[in-house]
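These notes concern the structure reproduced below.
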Amino acid sequence: MEDPFDSERASLPRNMIENTMFEEEPDVVDLAKDSTAFPALEPDEVVYEPRSSRLLVRGLGENDLDDEEEDYESSARLLGMSFMNRSSTHNSSSSPYNRQAPPRLCSCPSARMLVVGVFILVLVASMAMALYFLPGCTFTKAGCGKANSSIPMEPSYPNSTNGELFPWNELRLPASVRPVNYDLSLTPNLTSMTFTGRTVINMTILHDTKRIVLHSSELIITKATFQVGEDKSVEVKVLEYKPWQQIAVSFLEDLKVGQVCVLTLDYAANLSHTYDGFYNSSYNDKTGAKRVLAATQFEPQAARKAFPCFDEPAFKATFLVRITREPGYITLSNMPQAKTTTLPSGLLEDEFEQTAVNMSTYLVAFIVANFTSITRNVSNTLVSVYSVPEKKEHTHYALDTASTLLHFYNTFFHIDYPLRKLDLVAIPDFLAGAMENWGLITFRETSLLVGNQSSPLDKQLIANVVAHELAHQWFGNLVTMRWWNDLWLNEGFATYWQYTSLMTEFPQLDLDNVFLGVRFKAMAKDSLNSSHPVSVSSQVTTPEQVSEMFDSVTYEKGASLLLMLKTTLPDGQFRKGIIKYLDNYRGSNTVTEDLWNSLTQVLPQQESVSDMMRTWTLQNGFPLVTVSRKGGHVTLTQEPFLLSADNATHTSNLWHIPVTYVNDNCSSAPSCRQIFTLRNKTATLNVSDSVKWLKLNYMNTGFYIVHYGDEGWATLIDALKTDINTLTPHDRASLIHNIFALSRLGRVSFRQVLNLLDYTTNETETAPLTEALSQLSSVYRLLDKRQEQRLLARMKVYIWGHFGQLMDSQDWGEEESVSRQELRSVLLEMACSLGRQNCTDQATALYDQWTNSNQTKQIPGDLQQVVFSTAAQADLRWLSLMEAYSSTTYDSEKRKILQALASTQDPRSIVWILSTGLEGGIIQTQELPLVISTVSDGFAGHLLVWDFVKENWDRIIEKFPVGSYPIQSIIKSTTSQFSTQTHLEEVQGFFSSLKERGSQMRSVQESLETIRLNQLWMDRNLPTLRIWL
Ligand SMILES: [Zn+2]
């Protein structure tokens, strides 16, 4: 999935797992089998859980460790348990069901004692879990009445909707049954906004069991039949436990291993009015008439809202889909259409081919709409781009890009895309940026459609999203993470490939600068204590926890780590290892260790990739490398980069850091780069005495920050002042980024930051200037919210002094180079937003030309934002922009106009735009997070928008689920610029009052931590700024 919102600023790391902790995890289920006093655990209670988290879920109970301040790993250590082993060397077979192997016997006495110990612990903890988890309760006498510990415990089951015991008590499904094929028939009614369905699930029994448990949410099951083998099909009763979105069928006799069964369920439901499940959407066509459509968004856990299913990524199966429609509509699904039948009712039924591949439920998709398409053949695949009819002209760029990239990936991965068709569909109202459903990728219109006249910068955005989703057809669809804790295997890879494929195929799009910015952004988030490891070993079980995995760490840190690994390995080896990984696991599910093992297979002579990468994926945060030098001896020291110093317990964490460096004799060509692996706390490397300086982390491809000490920084600054080209633009950006980060950490003074920035009067390159301006602008915004008027005035003078000339010299005509477009849009947006006359005059003149020419005199695409935003500051122009917003059919333009409208400093307009965004209609609700973040940036709206979010919280989470990316974005943008104790307490008070409506979210912790850090930054730096600025 592609997230549509700008995410995350930064902060710092935290708890690390020592490598010595990676011991064997006692297998709870197996141990339990060995204990005759544990009758409750049957083989089919094995759930597909990564080894570590399964133990948590089952043994410790989610909420035992769910306290916001709790460190899961440390807690387990206190309990004397080592459950950090995520190694899958012995369970990495391609089958997701391999946890069903017969229990191994444990015959040694010490092991038996361990069994008893663990058993008691499990027993106690699972009672605690049940008590916490099922508060309402739902406990039956049979379940709750067994408090006497001398009587063997039976599991406590909740009550089903009909009052009977529900035969399962975990959020994860049992692994006793495996779905093989789904036969889905759906009849949506776009007038009543309802649908009916029939799901026929063919399954095999993997373990003797008396129950079949699967997912279903908001579906009314009207009939259920069950058939074993060739027996006659019989009607069965379906039990439902709504809190966990599960249904079950119980049997008196065991279903036996190897039996083949068929469960048929008829059901009815409403089309969803939110953005997930099978949902309805609408748009106004060119005559102004409202057109309705229905589409799906299942990732991560909403397939269960459209059809009953085993809705976990490891339950892969094949699917055959049939959809009924009215004439005048088309239907689309993952596979090509096989046939159409006219039903007696006059409706048409489209049947699609059965999927040629096994796939996870979250990748199933279908659409009923009146779209049109353009198509092209690429190798053996028919590529099509669909849109509403009036935007057909805007689909060509996406088709070209998708065709090129499909060919690229087919060749690069050595595995052809396996389906005969690939549709890319622009959906008028769609929340995510895009969704990689196999063969039927869905997009926001703004992520897929561009007019011919659009600027290369607009096209860059489309190319990015298309490249990301296409990469998922391999990373995610062909090879899927076993569970959501390893989501980075999908998203980190898709993000990595989106940049690398475009850098190869479309070098003119200048993606290397974008990727650099992404690495900085990932560090910002990962420098907070509230961050999490890329591969999460604590529990990811509840829907909120699963949703929260879709964040900057998973996407952007994941991609950054892959880049670091790639640049560390000898040329070509990374690709070889990746091809091996795809080949080893195609069609199945993986955990992170499977990836490292595949890479190690192609690199036998190298240090184990796994040893190195575990230090990066299982710990959150990243290291700070400090350089100190005495003559030819250079000492490197690593420590965690911890912004919040109160978390001192994890300072012993270590990484295997592939430290790269160049020196003054050879500093910019790739061949100058040398590499040294820092595994310990400290190490020394020797250089020639004549070397004047070293720059570490060449091109900033490593995920660490470097501190050169006072002397080291001074030498580097001198070198830059003498010859700016002594370092590559990426290395200059890297120095700017690092010194701001060190200043936040309190390791360098703001004076030193300003010393480095002095060189920028000679800077003309996009990467370093963008980084400098973005850092200065975040400082400016913080001061603005505190209304530090004198400092703001002086900061403006500072910015004009360093960048004013460059700002004024920017051309306002058409510009071909994407890199120069990026640069001038950043420069001019800052200039105009701070009121630089030269800029605002030009922008206003361009705007007036545009409106006076009835929008025929185009504004260059990269300047639209600055022109619209400047215009929006005047009342009359704001109103004319509002008209333009309603009438334009160009999606990228529309979005820029919306941002401009939201940037107004008029409180009445702000209130109007917020409530209109929430209402939907004139402004689609999908845009609300963008509106909120834009309003939050301005002084006039930042308190209004916080009030708005508090007052409308329940309506907001109705549209955007708790934990989801839009909610993360809303929390972040509305609170991240607070820097006072009063606001800290207010934010804390509000979120803790929400309880299950959001108080447990990681983004709440992140927000509180950010406010505290802002406070600290102000205390520390205001005096310096007053002196030095
Ligand atoms: Zn994605």
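Every residue gets a Cβ built from N, Cα and C, even glycine.
According to TrEMBL, the protein has these features:
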DOMAIN    179-363  domain 'Aminopeptidase N-like N-terminal'
DOMAIN    397-616  domain 'Peptidase M1 membrane alanine aminopeptidase'
BINDING   His468, His472, Glu491  Zn(2+) binding site
ACT_SITE  Glu469  active site, proton acceptor
SITE      Tyr555  site 'Transition state stabilizer'
DOMAIN    693-1012  domain 'ERAP1-like C-terminal'
DSSP three-state assignment for Tyr555 (site 'Transition state stabilizer'): helix
Those binding-site residues listed as His468, His472, and which of them has the most Cβ atoms within 10 Å of its own Cβ: His468
Where the C-beta lies under 6 angstroms from ligand 1, the matching recorded positions among Glu469, Glu491, Tyr555: Glu491
Within the predicted model, mean pLDDT of the domain 'Aminopeptidase N-like N-terminal' (179-363): 96
Cα-Cα distance linking Glu491 (Zn(2+) binding site) and Tyr555 (site 'Transition state stabilizer'), given in Å to the nearest integer: 5
Separation of alpha carbons, Glu491 (Zn(2+) binding site) and Glu469 (active site, proton acceptor) (Å): 10
For Glu491 (Zn(2+) binding site): intrachain residues, at least 6 apart, with Cβ closer than 8 Å: Met1, Gly476, Phe550, Thr554, Tyr555, Gly558
Residues within 8 Å of the His468, His472, Glu491 Cβ centre (excluding the Zn(2+) site residues themselves): Met1, Glu2, Glu436, Glu469, Ala471, Phe475, Gly476, Asn490, Phe493, Ala494, Thr495, Trp497, Gln498, Tyr555
